[in-house]
Each structure stands twice: as structure tokens, then as C-alpha cells.
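Asker: There's a structure below that I have some questions on.
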Amino acid sequence: MSDLLAHLNPPQLAAVTLPAQHALILAGAGSGKTRVLTTRIAWLISTGQVGAQGVLAVTFTNKAAKEMQARLAALLPINTRGMWIGTFHGLCNRFLRAHHREAGLSAQFQILDSADQLAAIKRLLKNLNIDDEKYPPRELMHFINAHKEQGIRAAQAEAYDAYTSRRVELYAEYEGQCQREGVVDFAELLLRSYELLQRNEPLRQHYQARFRHILVDEFQDTNRLQYAWLKLLAGRGSGKPDTPGGGACLFAVGDDDQSIYAFRGAEIGNMHDLQREFELPEVIRLEQNYRSHGNILDAANALIKQNRGRLGKNLWTEAGAGEPIRVFEGYSDIAEARFIVEEIGELVRNGVSRQQIALLYRSNAQSRVLEHQLFTEGLPYRVHGGLRFFDRQEIKHALAYLRLLANPDDDTAFARVVNFPTRGIGGRSIEALQEAARQTNSSLYNAAASLAGKPGSAVARFIALIESLRAETKDLPLPEVIDRLIERSGLRQHYLAEKEGQDRLENLDELINAAAGFVHDDGGPAVDGEEAVPDGGPLASFLAHASLEAGEHQAGEGQDAIQLMTVHAAKGLEFDIVFITGLEQGLFPHENAAQEREGLEEERRLMYVAVTRARKRLYLTHAQTRMLHGQTRYCLPSSFLEELPVELLRRINRAVASAPAAAPRPAAGAGWPKPAATNGLRIGQNVRHTRFGLGVIVSTEGAGPEARVQVNFGSGGMKWLALEYAKLTPA
Ligand code: ATP
Ligand code: MG
């Protein structure tokens, strides 16, 4: 017990050992909020103030939830499996599985991730013959999700103009479609749970009596609905918390400077509401940072100072200043990635463990170049979030078959694989099916089954395939079910025949491995006194896991690998060495946000999150040109770089000319061959390009596969071209 509290400073200790009351801890990055939260759970349980089943803890990622469980298991002599520790989505999923009937769902309900949701909306618009230029599916999706996150159903949504009222109708249609198909999207998981708790009094009372302590990490990023759900569970009564009728103690930790989900409806106002509604006597602050060296912390403080309306915090550290922050500019995204990979090679040779190195980027699309370089150098890496394992095409196909086995009414799954691999079911047959399904108000699968046409038709064969698969696999363990369906559906054959199908086959094998390693946690009887929660069985629970997990079961887990992720996904994590890449105007800060002060401030908070992930060494890198979405962009350095005190920075000029693209470049830096070596082309030479026409070379750099020339194409503009690809001919 004393061990438990030994490694805490006085304000942390005070927070951990608070009596049964509500509390908000507002503190900067790396000040120990998550540690305090975890230790408090351990303290409450070990001192007998609450049983493991009386605790509900909300974390930001599944990874954080697992870490918390592991830490608790190490601190306490209890089995922590089955404890209610998880993300909002994960916990709501568990709640709805346990009470699916009351929630109006089948035991097998499936979860739509955002890609599935978009596909479902597109299908809806098509079915209703709606012009998707007038009602862009993505916008409609945001419209629907924003309403759900405010707790507003289509029936209650307000519309003051014809366009919005049409969108509300479409929202209602979408609700109907999901219900028919037995699927729920992410926002629905929460809204359903909330509504169920609200309308079902016995259930609400049961959970309110059960949870004595509710603890929430990253509270600044909760949205209105999540906050409302927490309030409902906490069951604020008139008495003191944790007394009969008094409801649970709500213990929230957060950092307003790390609020990075305003675009998704997170409300910093929740912090104020919490203080007011739960009558918090005081807000507890922690100011000592235990994570980062001084220079890194100074940089973070200087940056966030530019934001207005902060609640105000001052972070300090006892760690020394440490190393300067390294800044590198590459002439292209490829050069940037090469630099990073060279540095990593050096670090690893010097004994740094790979999983202590993180590459962060603002947008998922940036990871490809980094991945390519890492791959080329044979450095193992893992991508978290974003390009998730479960998002890959082949995995989604296999999962769609699995979903159809679990729930034939899942139209999204049906539409995905009815003709994949191709089996001669054309667009027209599918339209006919959709029409029939609409008329009979049934699922595509049912329509297909009753309308399969002449026996032996392609549709009839598909239905027969699914039916026989279901019968065959009924009693098989999950990995074998998946293996069988990959074989029988023709997926394996399809990818075997595909030129680049090897990777995909490996991923499919990895899916079988994931299923084999998947622990079907049925909620009990792990915790003393915990009732077993019916949850739809291993298949449904594996599918839910696939929809909810952010790439945490991809290939190579457990291997010592370099960590790649977006800045959003890095929240709460820490690494010895961090590279923040792509620090360019328009990319980070993102162009969608840079125009308005609020948008820019949110981007700055994101940058603050990124900087404060680093313990010992921080690299900031950017490139002069970047290929994004198929176009080469010319980039200016991010304005955030200018906001950092220069005395903290050290520029690294390795092997790269750093002059702006349009000016003549200075003599090539060390390591670069002379410009004359650019494949025989020289400055002043006239050249012809198949697309841009005639031009004149104005500067050159690099050699061999690196060689690039800048060409003035007159009215076609000034372009940097890689000689290897550009196919320039002397003119
Ligand atoms: P973030 O805002 O980024 O989520 P946080 O406030 O949750 O950060 P933690 O992750 O809990 O911070 O702690 C940061 C690091 O400091 C962790 O490695 C943690 O173990 C360590 N730490 C926290 N408090 C102490 C302490 N009193 N003594 C030593 N190390 C500590
Ligand atoms: Mg934390």
C-alpha cells in the first residue's frame, strides 16, 4: 500500500487519496494525470472503499485501457479482467450487448466504422434516387453524427429551410435503414446507451447503485452526449456522493490545452459545467512535469502561450534542459523521410529501442512515404490508427463475409461482397435486388433469397454459398471459420491471382491469427460478484472488436518496432524520441483550419500535444515540396516553427540545399555530388517534357535516382522534376 503511494508528489498524493467526492484535476501534459487516475483506482480498491465491480473508468484509447488494466493487475492481487475500463465506445458496446433486447437490437448487432457508415449513406442516397452532388454523402454523415452527438434524433431535429429539412428526412431514412439491417454506427453506440439508461428506470438504478466511482481520463475531449451519459450513470442525488442515494463519485482529469476534438463536437464547456453542476469545491492542479526535458517543455510552453482564453497553467520540470530541438528541412518529402530513417538507423545502432521512437504526422496520407523508406531500410514499424489493419480492403471483405454469417440482414456487408470476388452479379442485378428489398421492406439478403431467379443463377449461387458456409462453420472455432470462408468465398484464389496479392494474403492469414489470439471476454466471472454478461458470443464479440480497435492487433504486435501515428492518435502516450514531420503551412497547421483564429488555436493545441509526447529528444522536420493526393505541392515552413524560441532550436543541414525553391540554390552541401552530375543535363539547357512542353533548366540538384531539376516552362510555370520519372529530353 505504501508502495502504491510512494512515487507521488504531494499534490498527486492529495488527489489520489481524496475522500469520496467529485473532483476535477486540471493539469498540463506529462504532469501525471493518468498515473494519478490509475493509482486512485488501485488505492480505492486496496483500501476496501470499493470493489473492482464498482469502478468504471473511461480512457481515451483501447491501448490506454489495456495499459491501465495491466498496471492495476500489477498493483493489486485481483483479477482485473472484466472490469469496466475502456473507451466510451467500448463501454457502450458492452452495455448494449448485455441489454440488446431492451435497446431494441439483435444480439448479433454489428458496428459500422466510419468507412462503413459512409458506404451505407451512399447506398441510401442511391436507393432513394437522391443527387449526391446536392447532398454530398460525407456532409450528410457529419450532419447525422453531429446531431447524434448532441443527443438529437431525426424526429427532434429542427430545420428552418427546405434543404435542412430534406437532410433531416434523410437522417430519419438512415435511422430506419440501420435498424432494418441491425447495425449501429459509432455515435449510435453512445446515443442508444444513453437513451436506454434514460428511459429504463430499473436498469438505470441498477447501474447507478453499482458504480461507486467513475473516473474519466482526457475529460477535455468529451462531447455533450458523453458528458450526459456520465452524468446519468453517476446518478447525482441530493445526498453526498458514494452514500445511499448520493450517486457515484466522478473523478475527471484533463487538460484544456490538449483539447483537440472540437471539430468532432467535444466541448471545453463540459469542464465549466462539471465544476458548476457537481459543485466542485476546488480544481486540483498539478504543475510538475515528469516526462520531458526542459527544452522540450519550454518549447511547448512558448507555443501554447500564443493561444487565448486558456485556463492557465505553468509547467516546470526538475529534469535538466537536455538537448536542443533538432530542426530539419528536406527539399522533398522523400528527402525528409530519408533523413528521418537515417537518424533512426543511427539511434538504433546506438542502442535506442525502436518502440521508443515515434513518427508523428498531421494527416494519415503522410505515412506512406515514411513507411516506404522504413520498409526499404528494413526497419520494423507499426502504424497505429488511420490505416488500420481492420480497414484494409481484404480484411474488410473477409469480415463482411463473417458479418453475413452472423447477420444476413447486414446490407452493408452484403453489398460489399455479393460480387466480390466477381461472380457475374452485375450492377443491374443489384439494383433489381435493391428495388425488391425496398418493396418488400426486407434486407437485400432476404430479397436475394426469395428472388434468386432461376436455380443456378449467380445470385442463387451466392445465397447457397453463404447458407452452406453458415451450416458448415456453425460449430467451428473462430479461426477455422475465417480460414474456411476465405477459401470458400474465393477470396484466397482471387488474391493469389492478383499481381500484388501476396501482402493481402499475408494480411488474411494475420486475420486468422488475430482471431486465434482474440480472447473472448464475456465480461465475467472475472471480477468477484460480477454477473456474467451475455454478449452475442465469440463471433459477434470478435466483430465488435474489429470495428472498435484502432489497429492495435496488426501484424507484428509485441515486436520492437518504430511507432507511426497521427498526432491525434498519440494523445496520452510518451516516447523517448519523437519526430514531428510535415511541419508545413497548410499541412500542419492544416489548411482547413488555418483561416480562423479558433481553427488555428485548435491546430496549435494539436502541436502542443505533439511536442509534449517527447521525453528526451524532439525532431521537427519539413519539406519544400511534397506529393499529396497525387500532386506536388510547394510548401512553406509551418508558422508553428516561428513560434518556438530560436535559442531552443538547432538546425541540421545535412546533405540538403536549404534555399527556397525559386531562388538559385547554393552550392550543393556536403555529400552531394556537383550539379553537373545530373544525368548530363545542365543549367540553361532547353528541354522538352511530354506534358509541360518546352522549358529551360534553371537549377539542378542531387544525382542518380536523386537527381532533380528545376525547369521554367514559361506559361506552364516553374517546376521541380525528378529526372528518374520526368522523362525530359534535350530540345
Ligand atoms: P498527458 O497529458 O500527456 O496525458 P499525463 O498528465 O497523463 O500526461 P502521465 O502520463 O500520467 O501524465 O505521466 C507522465 C510521465 O511521468 C509518466 O511516465 C509517469 O509515469 C511519470 N510520472 C508521473 N508522476 C510521477 C512522479 N511523481 N514521479 C515520477 N514519475 C512520475
Ligand atoms: Mg494522460
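Cβ coordinates are placed from backbone N, Cα and C, and glycine is handled just like the others.
From TrEMBL, here are the annotated features:
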type: BINDING; residues: A27, G28, A29, G30, S31, G32, K33, T34; note: ATP binding site
type: DOMAIN; residues: 6-293; note: domain 'UvrD-like helicase ATP-binding'
type: DOMAIN; residues: 294-572; note: domain 'UvrD-like helicase C-terminal'
Asker: Ranking the binding-site residues S31, T34 by other Cβ atoms within 10 Å, which is at the bottom?
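Answerer: Taking S31, T34 as the binding-site residues, the minimal 10 Å Cβ count falls on T34.
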Asker: Within the domain 'UvrD-like helicase ATP-binding' (6-293), what mean pLDDT does the predicted structure show?
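Answerer: The average pLDDT of the model in the domain 'UvrD-like helicase ATP-binding' (6-293) works out to 90.
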Asker: Once A27, G28, A29, G30, S31, G32, K33, T34 are set aside, which residues in the chain still have Cβ within 8 Å of the Cβ centroid of the ATP site?
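Answerer: Result: D255, L286, N289, R291.
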Asker: Checking proximity to ligand 2 here: which binding-site residues out of A27, G28, G32, K33, T34 have their Cβ closer than 6 Å to it?
Answerer: K33, T34
Asker: Give the number of CB atoms, excluding that of G30 (ATP binding site) itself, located within 10 Å of its CB.
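Answerer: Other Cβ atoms found within 10 Å: 25.
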Asker: Checking the binding-site residues G28, A29, G30, G32, K33, T34: which ones have Cβ within under 6 Å of ligand 1?
Answerer: A29, G30, G32, K33, T34
Asker: Need the DSSP three-state call for A27 (ATP binding site) to compare against my parser.
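Answerer: DSSP assigns A27 (ATP binding site) to strand.
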Asker: Can you check which residues sit near A29 (ATP binding site), meaning Cβ under 8 Å from its Cβ, same chain, 6 or more apart in sequence, and list them in order?
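Answerer: Residues satisfying the criterion: D255, D257, Q258, N289, R291, A300, L315, Y608, V609, T612.
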Asker: Does anything in the same chain, at least 6 positions from K33 (ATP binding site), have a Cβ under 8 Å from its Cβ, and if so what?
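Answerer: Correct list: I25, A27, D217, V253, G254, D255, L286.
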Asker: Which of the three DSSP states, helix, strand or coil, fits K33 (ATP binding site)?
Answerer: helix
Asker: Does G28 (ATP binding site) have same-chain partners at least 6 apart in sequence with Cβ under 8 Å from its own Cβ, and which are they?
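Answerer: In sequence order, the residues whose Cβ lies under 8 Å from that of G28 (ATP binding site) (at least 6 apart) are D255, D257, L286, E287, N289, K313, L315, T612.
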